[in-house]
């Protein structure tokens, strides 16, 4: 890729970004869009209703940037929770890393690269210069200037490690103070017990009660046995759908009766009144539901939520093996009641184990199969290949602009499209694994998406680009540095374009929320009753890996092609503002993990650093500077040791709170008059929602209310 | 190696074994040897004193075999503890494995191997036949007979896994019932706390007390702060030595005065009365000691033994992180008081971490350096090589007997000699790592010795034998099966000889206890006062890896050269009897881990199985049966999954006892009138022995008694 192609790409994307920003600043002021751009505030009913029309509403403005900028961390913490703060810290951390990296890269490495003679020494035709002349590829073999790169790698690693340590310590202290300031919550007092050994004589409930009264008699409080309610949930969902249709039909929009044929697809059979038809169906469903709910006693799962009188009591039962057989009485932290994920609540130890294995196999299969689209996309950056595949396009590809668009823009767009299918699949995988809470599922999916991205975007591109693409490489660890060193620098232009297109575009479309905008417009156009308004939650599992992946690109290309860094800095600056805005206005947290996503960030950064070192070992070898190559070797070892230390120093806090915190909080509660009320709530906190229709959202009113009739509406 | 050479070796070793057995059965009846052959019984003073002389005492007998055979597991458990039972179970388990393996190997594989045509088809000259004609090397390439081997691998793996599962479950149930039947012991109620955050204002003791009274107020009982007593211990040791010399001098054997020169090595300077000299020195030491002991307050280590009122209380403090900073208040299980290892009781988290790293590096260095003697020994089995190295020996090596001795016997004897230095070094390494109990040190050393043996005996021999010896192989995992398949079958004869020489000989010399016999004879010859009688403890860390290594040989060579199996069976039968005898008569347990050595056995067996599978993959590839080669691949995966399951199912029991057991035991104690006395003892149970001279063995009487004078003796 030549410089001008990159500039074209940058130009296009800057244009798109400005267009989106302008559109956003106008659209967000339209009252009808408030549920798209500020659903969170609607949820909290802070937003005013349909206002008067002003001309101002049609002019773009930057007030939202200012507002997003001004929010302090404490405000963010109080409105969106610690997870949001941690998410924003990723941007702050990355900015710190890449500002320091950028200074080294642009002022020291870039001049050295450009002065090299390996590729060309022609200053005249700058726009047609290959991007490679800005990369390490241009430095002469065996040149002593490579020691600049060598020192840069050491200095940068030191800086990143220092920042990582600082951030880990900052977030873990935040986590502890967050715990101290949190109100008593059911999940702090509760654990999940699976693998309860069921005997034929007594019910699961009795067994649980006897066990915990026996072995935790001073702290045991109550328990809720989990029941298999998939079928009831299905019935409820179906009934809800029917009820909505019914309400819709009964609205004034359709005063005349509507008929429908009974038979196949509503095309054959005798005509029936649709209203009657639905009402009968609903009644039938309700009968079914009642039967199901009454026959539920037999559907106990050998699992239960067990609550304790104190946090320490729960921690004790959680941390010490309960039964003699470790596959029975398996304890686990309880999630918050609203984030329990019921559908895959499987209890048996063996079943979960087998599901886990199945997921691992499926994950590997998907990761490998995904290579096919990646390889095709890769072809697009090599135009010659494309011309061989599609000979008829030769004429078209000769046009500079089109060829620039194709090489600079299309590949990452297609990749992006394919990638958008990945996070939901990973969530599905994680839910099959038997995690019981949405946060665990998202965390596990986040990890899966991250490794998937690294493999399928980074490695697949790097290795296929050098025509050396073979899984075999990883069976010969000795060759890895060499192969990577051959492949990685060549893909610099692709990844710079990737940052610009995929990175910038994803941010601006995140801001504009194109899909919700269209669907809101759609529902406004046709009907209002179907608009089942729900404040969206933040999709950590797809956003975090993406941001981390740009971090990986920045770290690995830092010394290879420092030209990537300014683009990354733009990305992180934009991201910082945009995500703060979105967290304030759009998303509401579905759960609160207390910053447990940070270890994923930390690990991915360590991985990126070690990857950089391996590439450096290879590069210095290829550039015939074996001494530098050997002198890099201690660096990954030291980084690994640093990581080990951090694991010991900080990670435990992210798993469990220590006795010190638990006892302090418990003691503070003892004097709290509200605790009696809290304990009352605790008893029923973990009832399956399918069994407690009355406490659900208003859309389930039909369960207790008699059927609506025209007169009621 | 040819068959007759093997038979020579077997003959020699059988001879040695019988000689040793005969000697043993005579020597053990001599009253003067009772402290060599039954020190345990002397320790318990069950053994009768010097009896009358009978002719019987000079005749060999087999009574000891009968007695060792008749002991039941319960007796062994009550006299030597669970560790001894687990140790004997290794033999029972191995016998089961190799009897089933032997049936398959001898009746199915051996005939198939022998019928092959790859090497020779000459039945006539059996004694000169190479051992290789009994191995898989003799089977034709691509022959369908290899499917017999294929099936044998599958069947054998199944059998071993079944036996492993059975044994793991048996031993874990033993462990639980052992816990139920054990008396209240201090270490069940105590934990070790390290990394106590010391503040300048208050003493460590106060900090510990405040912390545990605050956060464990209902269960905290007492604590003992650890002090740095290395110097005192040194003084005590020195004084003990002096005291012994003094007593020796005062005995009637040396009624006349002995003089010694004061200066260098006792050769120069003025003459002094030795008795006076020592007495003065001792007095001086005693003064020093008093000064040291009184100045001890300042030498507190930020670590303490903290005791609780119940086992559950200790488990709670153990299992939940205590302080907010995970590197402070680090808890650990307390060892039994008598097995605390004081010298390396370092407290700081960082220090231990760095020591650990140093040990890892030292371990790797030793493992690599050790290759040098191994490679030399390897040369001995290839006589031609030896002739090249030492040309003058050509004539000597032409003699059949000598060449047979050299190839069949010498190599493993030399190896054995070198190997005998390894266990003490590993114990030193483990103690530097900062383990606080002898049992942990031995366990860790056991693991170290095992991997050391595998690497330096198995891999070094296999890889150097094929002249393909390179560490590089392990950097190219793809080639591992092929390289192993080329190397391993060729070493069959070496390892068969190794079993016969090293295995059988080590057993018979274990029985005869040559070293203690000689030293007892020595001390009997010269003096009696120096005989500082101590019942030896069982050296798990050197014995278990050796036995496991024979298991590895048996499993890997099972389908390659089944001829090894009969020799192994003899080894295990002998071992079973001999070690039972030794455990009953010789060794006394220094500590009781409750069978925590078993997971090491289990893991090593799984490793052996997977190694066998990898070799099988390579062998079937080399033998041009690629289908069999691919069909073996699921086997290591399945074995790995089986191991994972076992880890989940059984391993937790070997780390901690579950709440169920703890609460049951605690409750049983509540009604025990002896508990008050136990609690009294608990307070001082973990005092450093250097600070409690009065309760030590009688050899420290000098600390309280005035100096002995001639009249007293």
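In case you wondered, yes, glycine gets a Cβ from its N, Cα and C as well.
What TrEMBL records for A:225-295 is coiled coil.
What TrEMBL lists as domain 'CSC1/OSCA1-like N-terminal transmembrane' is A:5-167.
Residues or ranges marked as domain 'CSC1/OSCA1-like cytosolic' in TrEMBL: A:188-343.
Among the features that TrEMBL reports, domain 'CSC1/OSCA1-like 7TM region' is placed at A:356-620.
Sequence-distant neighbours of the transmembrane segment (A:6-27) (same chain, 6+ residues past either end, Cβ-Cβ under 8 Å): 33, 36-37, 57-64, 127, 131, 401, 404-405, 408-409, 493, 496-497, 500-501, 504-505, 507-509, 511-512, 517, 567, 574. If you look up TrEMBL, you'll see A:6-27 (among others) marked as transmembrane segment.
Only residues 6 or more beyond the boundaries of the transmembrane segment (A:86-110), in the same chain, are considered here, and those with a CB under 8 A from a CB of the stretch are 73, 76, 134, 136, 148-149, 152, 155-156, 159-160, 163-164, 167, 170-171, 174, 538, 540, 543-544, 547-548, 550-551, 554-555, 558-559, 562-563, 565-566, 568-569, 572-573, 575-576, 579-580, 583, 595, 597-598, 601. Among the features that TrEMBL reports, transmembrane segment is placed at A:86-110 (among others).
Panel annotation: around the transmembrane segment (A:146-165), residues 93, 96-97, 100-101, 104-105, 108-109, 112, 136, 139, 555, 558-559, 602, 605-606, 609, 612-613, 616, 619-620, 623, 625, 628, 631-632, 635, 639, 642, 646 of the same chain, lying at least six beyond its termini, place a Cβ under 8 Å from a Cβ of the stretch. The transmembrane segment annotation in TrEMBL covers A:146-165 (among others).
Summarising the annotation, TrEMBL assigns transmembrane segment to A:353-381 (among others).
Residues or ranges marked as transmembrane segment in TrEMBL: A:401-429 (among others).
TrEMBL lists A:449-471 (among others) with the feature transmembrane segment.
Residues or ranges marked as transmembrane segment in TrEMBL: A:547-579 (among others). Listed as Cβ neighbours of the transmembrane segment (A:547-579) (distance under 8 Å, sequence separation of 6 or more from its ends, same chain) are residues 10, 17, 65, 68-69, 87-88, 90-92, 94-95, 97-99, 101-102, 104-106, 109-110, 113, 131, 134-136, 149, 152-153, 156, 160, 450, 453-454, 457-458, 488-489, 492, 495-496, 498-500, 503-504, 507-508, 510-511, 600-601, 604-605, 607-609, 611-612, 615-616, 619.
As annotated by TrEMBL, transmembrane segment applies to A:600-621 (among others). Long-range Cβ contacts of the transmembrane segment (A:600-621) within its own chain (Cβ-Cβ under 8 Å, at least 6 residues beyond either end) map to 86, 90, 93, 136, 146, 149-150, 153, 157, 160-161, 164, 167-168, 443, 446-447, 450, 454, 480-486, 488-489, 544, 548, 551-552, 555-556, 558-560, 628-629, 632-633, 635-636, 639-640, 642-643, 646.
Sequence-remote contacts of a segment are chain residues at least 6 beyond its ends whose Cβ falls under 8 Å from one of its Cβ atoms, and for the transmembrane segment (A:627-646) they are 146-147, 150, 153-154, 157, 161, 164-165, 168, 602-603, 606, 609-610, 613-614, 616-618, 620-621. Taken from TrEMBL, the feature transmembrane segment applies to A:627-646 (among others).
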